[in-house]
Amino acid sequence: MRPDKDRTPESQHARITGRAGGDSLIEMSPTVSFNDDVNGYHQHVSSSPGSLEPEQSPSPLTPDVCVETCDSLNTSLASLAQSEHSDSPQHESDTLERIEALTGQWRKRALFLKFRSRIDKQQHSKDSVFFHGERKQERRKMYEANLVNVGLELETEDKSESDDGKTYFVKIHAPWEVLATYADVLKIKVPFKVNDISDNGDMPMNWLSTPFRLPEHIMHPEPDYFTAPFDKSKSDFFLIDDKATFFPPSVRNRIVYYILSRCSYFKDECGDKDKKGIKRLLNNCTYTAAFPLHDCRYWTKAKDANCESERYHLHKHWARFLCFYKEQPLNLIRKYYGEKIGIYFAWLGFYTEMLLFAAIVGTLCFVYGFLTFDDNQWSKEICSAEIGGNIVMCPLCDKKCGYWKLNSTCNSSWQSHLFDNVGTVFFAIFMAIWVTLFLEFWKRRQARLEYEWDLVDFEEEQQQLQLRPEYETKCTNRKLNRITQEMELVLNRTPTDSMGKLLLCWATVTLWEMEPYLPITSKCARTCLSGATVLLWISLIIACIIGVIAYRLAVYAAFASIMKDNPTTNLQVVGPYITPQLATSVTASCINFVIIMILNLMYERVAVWITDMEIPKTHLEYENKLTVKMFLFQFVNYYSSCFYVAFFKGKFVGYPGNYAYMFGSTLRNEECDPGGCLIELTTQLVIVMTGKQVWGNIQEALVPWMMNWWGSRKARNHPESLYSRWEQDHDLQGFGQLGLFYEYLEMVIQFGFITLFVASFPLAPLLALINNIIEVRVDAWKLTTQFRRPVAAKAHSIGAWEEILNGMAVLSVVTNAFIVAFTSDMIPRLVYMYAYQPEGELNMKGYISNSLSSFNISVIPDVNRPDIGENPSWFNTSIDTCRYRDYRYPSGHEKQYNHTMQFWHILAAKLAFIIIMEHVAFLVKFFVAWMIPDVPSDVRARVKRERYLVQEYLHNYEVEKLKIQLSQNVHEECNCSPMIYPCLPKHEVLSECL
């Protein structure tokens, strides 16, 4: 079947499903070409909400169906649908004759529907088609009536045709008149001239990238055009070859959802204005879902040659893991899913490409640490039986910890050298430059996409034209527009515009409207409550972190008591590596990770609730507010434990006889290993980062797949012809309004791990690279196979995430400088080698003994002294001193236990290093940012060329139009004055929104 020539069915719009009393469901959905092999049939058609009644006959409206033999089937099933409501023998005979005339799958389908119809008639009365919930039924009637009044065309699939026999499907069609009107109002850019600027961007040796390319028709599904905002009154100015395909699918479903989100569902058009929009109907369960339909199955092409089967191409060339080395078909993604999803995958792909360089350098730094393993003098001294074996260390905890020898930390010392070496400093500076290059080159890439996807100057449109329906309905106050300083006057109504006023409370003859606003007192109160809620949850995180710290302090003593005789040394391979410090760090990190995941699940709902409470004005403002709230929480949640290990652990310990305790309790503050706290920070970072990525991928891929498998378990047993396109999509998971938000959040948190703490773990970029290669394909796979098609949305950038990334880039310079200075032992070693080496040589001999202070065992207070039986067997009374990690004068000195001059020299060197490193890094960052322009020169030239052509072509168009009018001797006054730039006529349709 084909649509009427003067009617363009909306092939992409939303399905709404709803439960109303008993087991009855209604589902509203658009026709998405319905080109799905043999299930694109059409039975009940209606142009009004009365189509829910079985007595009504179908209207001539038909959806797009990509089935060759569907015409004959449509006639048969339509007649059958009318006759099945009668129980007369004549009707029964006629029905059986029609069924017998069918063959194959069509006969099975007709028998299936006939059998189900008999069951329904036995269980329900004729009027049971209506819903038991009268209020929901009334809402649906009025809502669908208003949709029809505004120009949309509805088509209802009876519940007898659904797989469960309970669900109604209402498919929405948008004819050309509606699409053109709202494309004009929304200022959607459409082509008016083929791009005549030659592309000279071919790079030398471009053939090397051939294995990574996709076919040309996949990468560039549409020609390159110059575009201008659509003007309905000048439709002949644009390149309209076919009205049915002029607006791409993403634009069509965006327009229809724009109408759905603003359509009212009350009788009195100017009554309760709060009763408006599909979102409220979904919340009150009038409908259960609203979404566009996919154009075909993802594993096979549609049989109709006119159907582009974009979903199939996306799955074949993009969503399969074997395509991980291929470029992404960004233009096809944008065409099918819209600019907002397209810009996310463009950013994710670019971020993954840039990670390759950071991963290579980080791996080289790790290899350098491995190759210089034998040159690690301080580790040799720790492991030496003559040096480390003769150094007795003071107990690390009270009562339960005994004295221990330094060489027991031999393995951790060697491990620490892999990450704590000269290459760490180089890599920290490199990452400061890398993150600047990443952000600057992304700005250039983003500017190119803005031009190619007609997103230039989009931010103003976003602010003015995409007011949230919730803002319009909840803000009852009105004020004068500050920009225009006048109230809006609507002129030149067309029949469609007149019907459109019913959509937005324009039944009265009022022509002057003022914009809604939220009073400043209400806004301040809501903001304060929101801020207090965020602070409360951040305080909860800090409390949990303090609890984990208390766990570390309490459990360390237990581990030390259990492992004092080293029972783990009997274990093969891993035994020597298991120490009380490692056991405490690993278990605490795992507990912290579990707490992070639990708090995330709890806070997500709270963040959405308080953002809704603030009533943001636009969709962009809503996303930015939610982004800030979620990121602040996630920042503290994920990074607080790493900040503790990096900058607090081992820094406020005290010394034997005068130890520092946690908040005055009996829990003594933790100490670092003689090899430093860097290896513990590495452990914490690996567990949290890797655990989050693995868990995230499992949650993203496995959970939707299992839910879809369970939800469609019954339908899989039916023949393929009985499982319609809209039912298949309904069984998929909903992508949700915040689906993309969580994808960005996941990547930005990962970005923080590889920038804020990269000095402690140079392999972090490599792990992130491997994860992102999988992430791109997992996101593509779940979007094309496991989720309903999301409503297309426009976005000219990654939004508030870009500013967050810039802030983290600046913060990363500071954190890495402090990690190298205070967490690593790099500065103390350099100070010793150049200033305190006793032989005056530039080596590290004697460093371990120099970095440890002495304390007289006899003066250790009883509260710190080990219990009887806690000391190892080799300890005896002849040992009178123990060593601890600090720079203090020994017992008997006139300044005993005070810091030595070497301590202050090291502290000064650390502060000097931080200042120098920060200034050098920031200087390089700003210089690189200044050197690289945000917008490529060729893109700037194309934008200027397009603006010039818009003015020139529109001027010529108006002049020619005026000449024609004059030549026809039109005596009435011409209201079409020549315009330099298209000035969109004001429509009553959206005046309430604006």
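Glycine is no exception: its Cβ is also placed from the backbone N, Cα and C atoms.
Residues or ranges marked as compositional bias 'Basic and acidic residues' by TrEMBL: 1-13. The compositional bias 'Polar residues' annotation in TrEMBL covers 44-59. Taken from TrEMBL, the feature domain 'Anoctamin dimerisation' covers 133-330. Feature annotation from TrEMBL assigns domain 'Anoctamin transmembrane' to 333-946. Residues annotated as region 'Disordered' in TrEMBL: 1-63. Per TrEMBL, the feature transmembrane segment maps to 344-371, 422-442, 534-562, 582-603, 751-774, 911-932.
Contact check: the transmembrane segment (422-442) against the transmembrane segment (582-603) gives fewer than three Cβ pairs closer than 8 Å, residues 6 or more apart, which falls short of the contact criterion. In this chain, the transmembrane segment (582-603) does not touch the transmembrane segment (344-371); fewer than three CB pairs sit within less than 8 A of each other, excluding pairs fewer than 6 residues apart. Listed by sequence, the residues of this chain that lie at least six past the ends of the transmembrane segment (582-603) yet keep a Cβ under 8 A from its Cβ atoms are 412, 537, 540-541, 544-545, 548, 551-552, 555-556, 559, 563, 630, 633-634, 637-638, 641, 680, 683-684, 687-688, 691-692, 695. Across the residues of the domain 'Anoctamin dimerisation' (133-330), the predicted structure has a mean pLDDT of 81.
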